[in-house]
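Asker: Let me give you the structure first, and then I'll get to my questions.
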Amino acid sequence: MASPRLETYCCPNRDAATQLVMNFQPEVFCGVCIGSASVSLLLTILQLLPKKGQSPRKMPKASSSSTILLLISICDILGGLGIIFRSSVWLGFPGFIANISVVNRTDMWPSAFCVGSAMWIQLLYSAGFWWLFCYAVDSYLVVRRSAGLSTIVLYHMMTWGLAVMLCVEGIALLYYPSLSSCENGLEHAIPHYITTYAPLLLVLVVNPILFRRTVSAVASLLKGRQGIYTENERRLGTEIQIRFFKIMLVFVICWSSNIINESLLFYLEMQPDINEMPLKNIRSAALITWIIMGVLNPMQGFLFTLAFYGWMGCRVDLKWRKREIPWESMSSSTVDENAYPSPVNYQSNIHDSKKISTTDSQQSNEAIGMLSEGNTSNDDRLTRSSPIYQGW
C-alpha cells in the first residue's frame, strides 16, 4: 500500500501513531499486501495482453488518451511490484528490518532499503495520480479539438516532473537535517504529507468537474454534426458518462481509506497519550483502515483496467500478427484513385463540399472514438448506426 507512514517509519524516533499502525500484526499486514498486490498484478497483465478472437480496434490514428490509460496501468504494475518487494523483505528478513529502529551509523542498508522502497511506491502511485488527472484534461481537450499527439510530451513532462519534485521535496523536508533527527516536530512531517496527498486530492476534486464538462461537450458534439440526437447518440453519451463514473468510483474505493486513516492518525498525534481509554475506538478504527489500505491500494491496477476496458477474458493470444504498414495502405489507395480518376466537371464543387463535411465528421468521429476506445461495441455501433458516421 501507499502511505506517507512508510517513509515516517524509517525514522528511529518516529511518532507514536506511526509506531501503532506499523507494529500492528506486521506479518499479517505484509501477507495481505503481498496477496493483494500479486492478484492485482497478474490480473492487470492478463487484461492488457491480446486475446484470441478479438479484432484490433481500427482507430484513425493513435490517441494520447489510450497512451495515458496504458501508462496508468504501467504505474500501477510497477507500484505493485514495489509493494511485493518491500513486504517480502519485511517478512523474510525480520532481523534486517529490526535494525531500522536503531541509530546505527555503521550499517545504513536497512534505512536505505526503508527509504528507497517507500519512495519507489510513493513515486509510482503519485505518477499514476498525475496521469489520471492528465487523462481527464486530455478527454476534455480532445472533445474541444485542442489536443493531439504532441500534447503527450507535455503530459510526460508535467507528470514525471511534478511526481519527482513533490516526492523529493517531501522526503527532504521529512529527513532534514538527517535521517536520525526526522519527526522531531510536525514542521517536518506536515509538508511531507501534503506533497503525498496533493495529487490524490486533485484527482478527487478536479477530475469529476472535467469529466462532467466532457460529457456535456460530447452531447453538443453529437448534436452538432447532423442537427439530430438519436437514441444511438444518447446511448453513446450515457456509456461515456458511465465509464467516467467507473473510473472515479474505483479511485474513491481504493483511496478513501487512506484519507480516513491519515485523519485518524493525525488526530492521535495531537493527543498527549494515544493509549488512553477514551481513544480506544479511534485506535481501532485506524488499525482497521490500515488493513483495508493494504487490500485496496494494490487492487487499483486491476480495477482500473475493468473501468477502462471491461473484462477482456482469459483467452490470451501470444501469436505474432503482421500489421498493415500505414504507407502500404496509402499507396494502395493512391493506385485505386489513379485507376479510376473522377471527371473534371461541375460535380467537383459538390465533391469538395462533401470532403469538407466529411473532414469535420471525421474529426468528431476521432474525438468520440478516443473516449469510447476500449469498448468494441461502442466502436461498431458508432460506425454503423450513428448519423455522424454515415458520411463515410
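Backbone N, Cα and C define each Cβ position, glycine as well.
Nobody curates TrEMBL annotations by hand; they come from automatic prediction.
Not my notes, these are from TrEMBL:
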type	residues	note
REGION	370-392	region 'Disordered'
TRANSMEM	28-49	transmembrane segment
TRANSMEM	69-89	transmembrane segment
TRANSMEM	109-133	transmembrane segment
TRANSMEM	153-178	transmembrane segment
TRANSMEM	190-211	transmembrane segment
TRANSMEM	244-267	transmembrane segment
TRANSMEM	287-312	transmembrane segment
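So that I understand the layout, could you describe where these features sit and how close they are to other parts?
Answerer: Same-chain residues lying 6 or more positions outside the transmembrane segment (69-89) and placing a CB less than 8 Å from one of its CB atoms are 1-2, 6, 30-31, 33-34, 37-38, 40-41, 44-45, 47-48, 96-97, 113, 117-118, 120-121, 124-125, 127-128, 131-132, 135, 297-298, 300-301, 304-305, 308, 374.
Outside the transmembrane segment (287-312), and at least 6 residues removed from its termini, the chain residues within Cβ reach (under 8 Å) are 1-3, 20-21, 24, 28-29, 32-33, 36-37, 39-41, 43-44, 46-48, 51, 54, 69, 72-73, 76-77, 79-80, 83, 125, 128, 243, 246-247, 249-251, 253-255, 257-258, 260-261, 264, 374-375.
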Asker: Counting Cβ pairs under 8 Å that sit 6 or more residues apart, are there three or more between the transmembrane segment (190-211) and the transmembrane segment (28-49)?
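Answerer: No, the stretches stay apart by this measure.
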Asker: Check the transmembrane segment (109-133) against each of 28-49, 153-178, 244-267 and return whichever range has the most CB pairs under 8 Å.
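Answerer: Maximum Cβ contact count belongs to 153-178.
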